[in-house]
Amino acid sequence: MDRLKYDIVVLGAGESGVGAALLAQAKGLHVFVSDYGKIAPKYKEELNRYAIPYEEGRHTEAIILEAKEIIKSPGIPDTAPIIRQAVAKEIGIVSEIEFAGRYTDAFMVCITGSNGKTTTTMWLYHTLCKAGLDVGLAGNVGFSLARQVAYDPHPYYVIELSSFQLDNMYDFRANVAILLNITPDHLDRYDHRFELYAEAKMRITRNQQPEDCFIYWEDDPFISRWVVEHPPVARLLPFAMEARTDNTTAWINEKNELVVMNLNSPFVMDEELLALSGMHNRHNAMATAIAAKAMDIKNEAIREALQDFKNVPHRLEKIARVKGVDYINDSKATNVNSTWYALESMKTRVILILGGTDKGNDYTDIENLVLSKVDGLIFLGIDNEKLHKFFDGKISRIADACSMHEAVSLAYKMASKGDTVLLSPACASFDLFQNYEDRGDQFRKEVLNL
């Protein structure tokens, strides 16, 4: 194996890591890719095609710890031994987004939050495309930003950012930063301390300038307090369920209309016309509308995009109606707050499929909604002890499932005509599935086989 000293070592060979490697090579940097697991065939083929050296199944310290800089994929925790060793050697560690930002002057619209960021990212991307902008979609959705900067550049990007990506961003600048909410999530990666997770989310405002915009949910107590204690440099454009202050930019008025003010011409739209229903999607729509208005998109294009958008898969996705029972795939709900929003939007009695890899969940937040709307619980996971401890005795019908086939079969037996079977796990998927997409795909398959 080549043991030359590399300019860049990329840790992780998924879309983010391989994209970073492609950009590094395109910029004339000597790059090496290391993945502790197996590299997917499509990415291995790509690395071979571009003659980028790599390894899989290990991290060779003699190579990695001699790098000038490390690009860390978001799935690798800071507690990983190789990361701790790199930190001890004072090797710079950055995210793929940070690295890509060095090589583009594009206008960056960045979205983060514990819930709703994928929907808002896709909705805003749809809006900007409808308005005729040449825009790239990146971050947790679409192709990696680095790949696009290298081989498919755009003057605008809409980027979904997780807290993990924000952790390793230092000089990157968001021209428009959107923070939808902050609720406990991924606390296992933050020493089970909410304040550390929240601080990571707030990094989205880092490096913003007075001409930039910070769009945020004004009803979120942590965000509102943080804005007062650490005033961002950017222009503040908050949204809320009702106008809280003169600075509130978007809200829902007494006529149930979505209103956007303080940005050129007013924008008003009946919330019944929004493509997506539920309280959480009103938040997503308001954030989308503010961002579009801040970018001088015409009202008519915004109105059309808010009305004809198709939701992302695995997020309150209606699969089928079988014998009068609706089956809804909300596999992307990997935390309690997402499940709260899903239950809040339900208009019928619910058979709820919960469970998976717990991330430090507190189920108290959904207790009242479960008690008022749920007729049956199915716990889907290898270890359901925490769920039983919380819900046993509160709901009369509870069952365990060790596969999606078993979960859907149990739900089919429990449900009555007019009910909804809702897969909204409130947990990560890694105990029984490859990821939340795999979990949702298996749910869809089993429902369509009923």
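Placement of Cβ uses the backbone N, Cα and C atoms for every residue, glycine included.
Among the features that TrEMBL reports, ATP binding site is placed at G113, S114, N115, G116, K117, T118, T119. The Cβ neighbour count for G116 (ATP binding site), using a 10 Å radius over every protein chain in view, is 23.
For 111-292, the entry in TrEMBL reads domain 'Mur ligase central'.
The feature domain 'Mur ligase C-terminal' is assigned by TrEMBL to 314-427.
Other residues of the same chain near the ATP site, with their Cβ within 8 Å of the Cβ centroid of G113, S114, N115, G116, K117, T118, T119, are I111, T120, L180, N181, N284, S338. Residue environment of G113 (ATP binding site) contains 29 other Cβ atoms, counted within 10 Å of its Cβ in all protein chains.
Around S114 (ATP binding site), a 10 Å sphere centred on its CB holds 24 further CB atoms from the protein chains shown.
With a 10 A radius on its CB, T119 (ATP binding site) counts 26 other CB atoms from all the protein chains.
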